[in-house]
Amino acid sequence: MVRYMVTAALPYANGPIHAGHLAGAYLPADIFVRYLRLKGEDVVFICGTDEHGTPISFRALNEKRSPREIVDEFHEHIKTAFQRVKISFDYFGRTELPVHYRLSQEFFLKALENGYLVKKVTKQAYCEHDKRFLPDRFVIGTCPYCGAENQRGDQCEVCGRPLTPEILIEPRCAFCKNPITFRESTHYYIKMQEFEEKLKEWIKEKDWKPNVKNMVLGWIEEGLEERAITRDLDWGIPVPLDEEDMKNKVLYVWFEAPIGYISLTIEYFKRIGKPNEWKKYWLNLDGQTRVIHFIGKDNIPFHAIFWPAFLMAYGKYKDEEVEAEWNLPYDIPANEYLTLEGKKFSTSRNWAIWIHEFLDVFPADYLRYYLTSIMPETRDSDFSFAEFKTKINEELVNVLGNFVYRALTFVNRYFDGIVPERGELDELDRQALEEIEKTFEEVGKLIREYRFKDALKKVMNLAGFGNRYFDYKEPWKTIKEDKTRTGTTINISLQIVKALGILLEPFLPDASEKIWHFLNLEEVKTWRFTELPAGHKVRKPEILFKKASDDQIIYFILNYMGRNNPDAARELLEKYYKLEDVEKVAIEKFGEEDGRFMLKKIFKEKYKGEKKGEQKMQYVSFEEFSKIDLRIGKIVEVQDHPNADKLYVVKVDLGGEIRTLVAGLKKYYKPEELLNRYVVIVANLEPKKLRGVESQGMLLAADDGEKVALLMPDKEVKLGAKVR
């Protein structure tokens, strides 16, 4: 039986993770693994924080803290963020574990023993001002390949090419910004050229994504050169040699980080009491293991060229039980880049969607759904707040959530929550059941091909089919004439609901669990669909998804982007919203004083910031005012708005005429406080649909910015009486 060793790129423990990281490596890996588990496959999903990279040292120096403090903080931060967004690692560890130190040093010594390392005296970047050697990331300059400025000395973020400080144009110290010099230093290099032909032949045989395979073969064709695997740095894994010129030197993180996949697997099986089980996944014992690395575009050369070379350089692993070659990567389904509103994510400018912040405002399933629907599988894609809102509301809420709620509400209302017997099937009924089977087959195939965006679309197509089936069958009509026919419709609708509960598990695990709960199922989900039996009792449903609102998006931009990067917040807010709408949210969420202070910080001179009551009075003529028809009415019914959290739908008696009004009073009045109240309404206001419900007038109320109070006559008067 094939077994899967699935990894996701080890995130640097120097800061939080953002939506670009999630869409690039972690969400696709999680979808793939969740599907394999549903299929009953043998799969282990491993990840952990990379805790020795120069980004950690860089942040520690900037913040005058120790690297240990930095990695301890962000290991927990990143781990929690992954848990909140429901990334289901079997184990999430860290490269500061002793097993990782031991294994990394072992890889170094084996490569040295096998003749693949060479010691060289070379010139290393050195800052005369700060009196220290500079790791590649501590050097910035212009990329010689694409001309991008302010690129680090290890890799160009624009074209993705590996770099060294020596080839940068006008290299400078990243801290003091002074030009650097180069001093002699002794280091070990791996002879990458010795693996060139073997790597080329190995990669040519792979059925990898074209964007990965073509990029890697292109680099190899240009020729591989010796690359340093030790460096002058005081934070990292010490070089395991008692040599004078190796004192105070550590293993290069790009050498030891991928070894973390193995060391973390060893740690995982040790913790679950199976200390030798890791060998089945990392050693080629029977040819049945598929090692799959999910990464972002910037990690392709390290995983597809250098990492396989390290495994080859080690040679055979041998202990008292086994002797075998290492498993080389079976597949590397790297994704391209995710941009934000047309621009590259920038952590330094806070031009990013940080996962922990986004989940403070929106559910995890919303982020998972949107990112999967735009996943940059073969080309770059863009995160747009407008598109996010549209996709959530028009697809997740109106299609998927609507169908599940309709089917479950109907069976509870007309069949006491009991799955009805199925009568004779017509052509559409049979087509519905065929759609279920076809969707499972197609979605599974697409997931195995790493086409997660198309797979999710197929799932949503089934939900859309369910809605169309329900509409065509019109059970709300047939229930009055033919309960048996209606029972068949509802039975099949519930089969689609159950199918969705399974199909959504890889993509939207929270929604999947809710559907399973609504269906009152205790069986373990599997990819093999079995029907709900007639007579099974289901629960009453709740709303599966609530609409994403402009207020939520404004709040997110204000509270998170606005605090650290006011210019970025202003750019987004001006792109989508009127200033008065932003002001309303700011004052509602942060209070009068703090809200206006925040708006002045973001909009500067564009925001005048008058408090309520301070605005200059604007007059209307008596003729204009006399056009307004104000009437006395009585509230006779109060209902929650079906599509909005802050609105009521109220019915007002104007004396022989009942008007339906939409009122934003939910925050200020309970339904029972409004019922039977006399109110003043604008009776000749043009009707307008508010969130799908037509409002035939407007209630009048006083608003001081904190409290809202309805205007009411101080004694009972005839309903419909004019206010003059």
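Cβ atoms here come from the backbone N, Cα and C positions, even for glycine.
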Swiss-Prot lists motif ''HIGH' region' for one of the ranges 11-21, 528-538, 638-648; which is that range?
11-21
According to Swiss-Prot, which stretch among 274-278, 344-348, 379-383 corresponds to the feature motif ''KMSKS' region'?
344-348
What is the set of residues, excluding Cys143, Cys146, Cys156, Cys159, whose C-beta falls within 8 angstroms of the centroid of the C-beta atoms at the Zn(2+) site?
Pro144, Tyr145, Gly147, Ala148, Gln151, Glu157, Val158, Gly160, Arg161, Leu163
With helix taken as DSSP H, G or I, strand as E or B and everything else coil, how many residues of the domain 'tRNA-binding' (624-724) land in each class?
7 helix, 43 strand, 51 coil
How long is the line from the C-alpha of Thr347 (ATP binding site) to the C-alpha of Cys146 (Zn(2+) binding site), rounded to the nearest angstrom?
22
Helix, strand, coil residue numbers for the motif ''HIGH' region' (11-21) per DSSP?
3 helix, 2 strand, 6 coil
Nonlocal residues around Cys156 (Zn(2+) binding site), in sequence order (Cβ under 8 Å, 6 or more apart):
Cys143, Tyr145, Cys146, Ala148, Leu163
Quick one: what's DSSP say for Cys146 (Zn(2+) binding site), helix, strand or coil?
coil
Neighbour tally for Thr347 (ATP binding site), based on other Cβ positions within 10 Å of its Cβ:
14
